[in-house]
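Colleague: Pulled the feature table from Swiss-Prot, pasting it below:
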REGION    335-362  region 'Disordered'
SITE      His155  site 'Proton sensing'
SITE      His165  site 'Proton sensing'
SITE      His269  site 'Proton sensing'
TOPO_DOM  46-49  topological domain 'Cytoplasmic'
TOPO_DOM  122-129  topological domain 'Cytoplasmic'
TOPO_DOM  211-214  topological domain 'Cytoplasmic'
TOPO_DOM  290-362  topological domain 'Cytoplasmic'
TRANSMEM  9-45  transmembrane segment
TRANSMEM  50-80  transmembrane segment
TRANSMEM  86-121  transmembrane segment
TRANSMEM  130-156  transmembrane segment
TRANSMEM  173-210  transmembrane segment
TRANSMEM  215-250  transmembrane segment
TRANSMEM  261-289  transmembrane segment
Amino acid sequence: MGNHTWEGCHVDSRVDHLFPPSLYIFVIGVGLPTNCLALWAAYRQVQQRNELGVYLMNLSIADLLYICTLPLWVDYFLHHDNWIHGPGSCKLFGFIFYTNIYISIAFLCCISVDRYLAVAHPLRFARLRRVKTAVAVSSVVWATELGANSAPLFHDELFRDRYNHTFCFEKFPMEGWVAWMNLYRVFVGFLFPWALMLLSYRGILRAVRGSVSTERQEKAKIKRLALSLIAIVLVCFAPYHVLLLSRSAIYLGRPWDCGFEERVFSAYHSSLAFTSLNCVADPILYCLVNEGARSDVAKALHNLLRFLASDKPQEMANASLTLETPLTSKRNSTAKAMTGSWAATPPSQGDQVQLKMLPPAQ
């Protein structure tokens with residue numbers, strides 16, 4: 001399928017050709033290593049039969065797929081919204097780019113609901129908080145979002161304007177079927193999950209306030225996690241969906257009115273770029289879940305940097321590089337307290353092995 005030339009709205013792609021690619025480059029530099037680290041930490045949680053790790057692992061996979069598309073979008077914006085990589089790549093990378101928004105929102109919603117069930121109904125809904133259930137829910141999320149956002153794969157998504165710019169996944173004004181699909185995305189893909197997250201947060205607050213056995217620090221940690229999930233969706237995705245809803249509603253009312261499209265063109269591109277910050281915010285969830293997670297991640301990164309800078313990488317490779325996930329930190333600290341009473345003093349060559357009694361860990 002070739003490019004289609006159309007007499008569309010007069011949008012100046014030169015006004016915002018620096019901000020989106022600059023933000024995307026930042027997301028690549030920060031989001032790629034942190035999501036790789038988050039993926040590894042989530043995998044460790046799955047190994048410990050923790051259902052939360054399944055959702056976090058899927059969230060990291062979605063973010064990494066999204067980050068892999070960003071270099072082409074950097075090139076697209078630096079060329080003033082001119083796609084030079086052909087229609088096939090436009091469809092594939094555009095599909096991944098836009099679908100990731102709703103996959104990320106869905107998994108953030110899953111995490112929020114899972115935390116609500118864990119805090120408010122730990123025994124009643126225990127079966128819903130198993131790894132098998134989380135895998136099934138994740139499969140449904142992927143299948144639903146991929147199917148719901150697959151319509152662009154069956155339409156031409158390259159459009160050449162009067163200035164010989166080839167737009168990918170963009171048309172000003174939009175087409176009718178795109179406007180209706182955008183309404184579905186706004187209400188079902190964005191507002192519905194966000195409403196569930198707000199209800200989950202409200203339920204978590206009620207359960208935490210009514211709990212006598214939960215420590216104050218633990219209550220603060222639970223509230224912080226639930227609030228951070230809502231904040232990520234609000235900050236990263238709300239501006240984009242406000243403009244998306246406005247553009248779609250105005251098009252359905254006045255299909256060939258280009259005035260609004262031309263006024264919000266730059267703001268729309270900026271809001272779309274802001275959605276990429278989700279890939280940076282998601283790994284921060286680990287630090288918000290547990291106070292010790294920040295030091296654990298920093299320690300792992302420090303050891304990794306030492307490994308890369310070391311003259312003896314093999315020695316560093318043999319070193320133990322561990323990272324306590326938020327849900328295992330307490331378990332590991334208890335194990336250390338039990339085993340910390342005894343420690344072996346490393347013997348010199350030819351010496352007898354001596355055992356040294358150490359005081360219990362505090």
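Every residue gets a Cβ built from N, Cα and C, even glycine.
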Colleague: So how many of the residues in the topological domain 'Cytoplasmic' (46-49) end up helix, strand or coil by DSSP?
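Modeller: Across the topological domain 'Cytoplasmic' (46-49), the residues distribute as 2 helix, 0 strand, 2 coil.
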Colleague: Rank the recorded sites His155, His269 by the number of other Cβ atoms within 10 Å of each Cβ, and give the residue at the low end.
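Modeller: Ranked by other Cβ atoms within 10 Å, the recorded sites His155, His269 bottom out at His155.
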Colleague: At a C-beta cut-off of under 8 Å, are there same-chain residues at least 6 beyond the transmembrane segment (130-156) that contact it? List them, or none.
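Modeller: Tertiary neighbours of the transmembrane segment (130-156) are 1-4, 46, 49-52, 54-55, 58, 87, 91, 94-95, 98-99, 102-103, 106-107, 110, 114, 169, 177, 181, 184-185, 188-189.
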Colleague: Residues with Cβ closer than 8 Å to the Cβ of His165 (site 'Proton sensing'), same chain and 6+ apart in sequence?
Modeller: Ser13, His80, Asp81, Asn82
Colleague: Helix, strand, coil residue numbers for the topological domain 'Cytoplasmic' (122-129) per DSSP?
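Modeller: Going by DSSP assignments, the topological domain 'Cytoplasmic' (122-129) contains 4 helix, 0 strand, 4 coil.
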Colleague: Work out how many Å separate His155 (site 'Proton sensing') and His269 (site 'Proton sensing') at their Cα atoms, rounded off.
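Modeller: His155 (site 'Proton sensing') and His269 (site 'Proton sensing') have their Cα atoms 22 Å apart.
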Colleague: In which DSSP state, out of helix, strand and coil, do we find His269 (site 'Proton sensing')?
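Modeller: Going by the DSSP assignment, His269 (site 'Proton sensing') falls within a helical segment, counted as helix.
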